[in-house]
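To keep things clear, I will list the structure first and then write my remarks on it.
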Amino acid sequence: MWKFTTSKNLNPDSDEMILDTENIPKHIAIIMDGNGRWAKSRKLPRSMGHKAGVEVINKIVKASSDIGVKYLTLYAFSTENWQRPKDEVSALMRLLVEYMRKELNNLNKNNVKIQTIGDISKFPQICIDVLEDSKLKTKDNTGLVLNLALNYGGRAEILGAFKNIFNDYENGRLTKEYIANLTEENFNKYTYTAGIPDPDIIIRPSGEQRLSNFLLWQCAYSEFWYSDILWPDFTVDHLYKAIFDYQKRDRRFGKVK
Ligand code: FPP
């Protein structure tokens, strides 16, 4: 149903479902929301919703990689998610370990590089081990970067950057002048996403229209795309539709065209 073409063959006024292969977002970030409601509507435990949510990930990774997305950031566990019932937190940790163990070879074969943002040191050792192993094994891959946001919070990230800048000053690695003249570019080097371009588009399914502490520093000029679909029902079609809508947006970055 979807067609792909280059900019010069595209009619901007047409509503045909055609994606411009020269305007694919470099960085897509997704808030994988709605697992709980998906499970509830089926009278299943919330953990089953998360399990169904994990099953969507591979399809989205593959489709993103196929159309040339460079970075895919998935919000998998926020700094606030610790406040969920203990068994739900444990289920999420278990699903993460299972996913990495099951899919690592496949991801590696497909040239996917695994990275994380957030403070994973607070995770159970088994999660840390499996994540570090996945990062190590895929570190030289040059394809899609699958960036998992784990124990991630935008405010914590900004505070952490600030504290690290202060530490570097205390240890003599930064001068007072450097801090007095701190630029956005230099501050960026202290964030989890140092070296990664800001997300072009943030996708949030499930009907909620908020950021929930996701990529607060990085989203300054991101396009937002919302949908009522619950994450376990999210398909490649929805991804393409989000990109299709994104390609129709006029990104001015505060300037005039
Ligand atoms: C939000 O839905 C979802 C989460 C807090 C967790 C998302 C995590 C996964 C899909 C699994 C992570 C694992 C890997 C392999 C990255 P919700 O529970 O808030 O849904 P609700 O709003 O309907 O209750």
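Placement of Cβ uses the backbone N, Cα and C atoms for every residue, glycine included.
Quantities reported herein were computed from a predicted structural model and do not represent experimental measurements.
Residues or ranges marked as Mg(2+) binding site in TrEMBL: D33, E223. As annotated by TrEMBL, active site applies to D33. Residues or ranges marked as substrate binding site in TrEMBL: 34-38, R46, H50, 78-80, W82, R84, R204, 210-212. The active site, proton acceptor annotation in TrEMBL covers N81.
Overlay of TrEMBL feature records on the structure.
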| residue | record | Cβ within 10 Å |
| --- | --- | --- |
| D33 | Mg(2+) binding site | 22 |
| G34 | substrate binding site | 24 |
| G36 | substrate binding site | 20 |
| W38 | substrate binding site | 22 |
| H50 | substrate binding site | 23 |
| T79 | substrate binding site | 19 |
| N81 | active site, proton acceptor | 17 |
| W82 | substrate binding site | 11 |
| R204 | substrate binding site | 24 |
| L211 | substrate binding site | 16 |
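Note on E223 (Mg(2+) binding site): other Cβ atoms within 10 Å of its Cβ, all shown chains, come to 18. According to DSSP, E223 (Mg(2+) binding site) is assigned to a strand segment. DSSP classifies G36 (substrate binding site) as helix under the three-state reduction. Under DSSP, R204 (substrate binding site) is assigned to a strand (E or B) in the three-state scheme. In this structure, the recorded positions that sit close to ligand 1, with a C-beta under 6 angstroms from any of its atoms, are D33, N81, chosen from D33, N81, W82, L211. If you take the Cα of G34 (substrate binding site) and the Cα of E223 (Mg(2+) binding site), they are about 21 angstrom apart, rounded to a whole number.
For the pair G36 (substrate binding site) and N81 (active site, proton acceptor), the Cα-Cα distance reads 13 Å. For W38 (substrate binding site) paired with the residue listed as 'active site, proton acceptor', the C-alpha to C-alpha distance reads 18 Å. When the recorded positions H50, T79, N81, R204, L211 are compared by Cα distance to D33 (Mg(2+) binding site), the shortest distance belongs to R204. Secondary structure at T79 (substrate binding site), as computed by DSSP, is coil.
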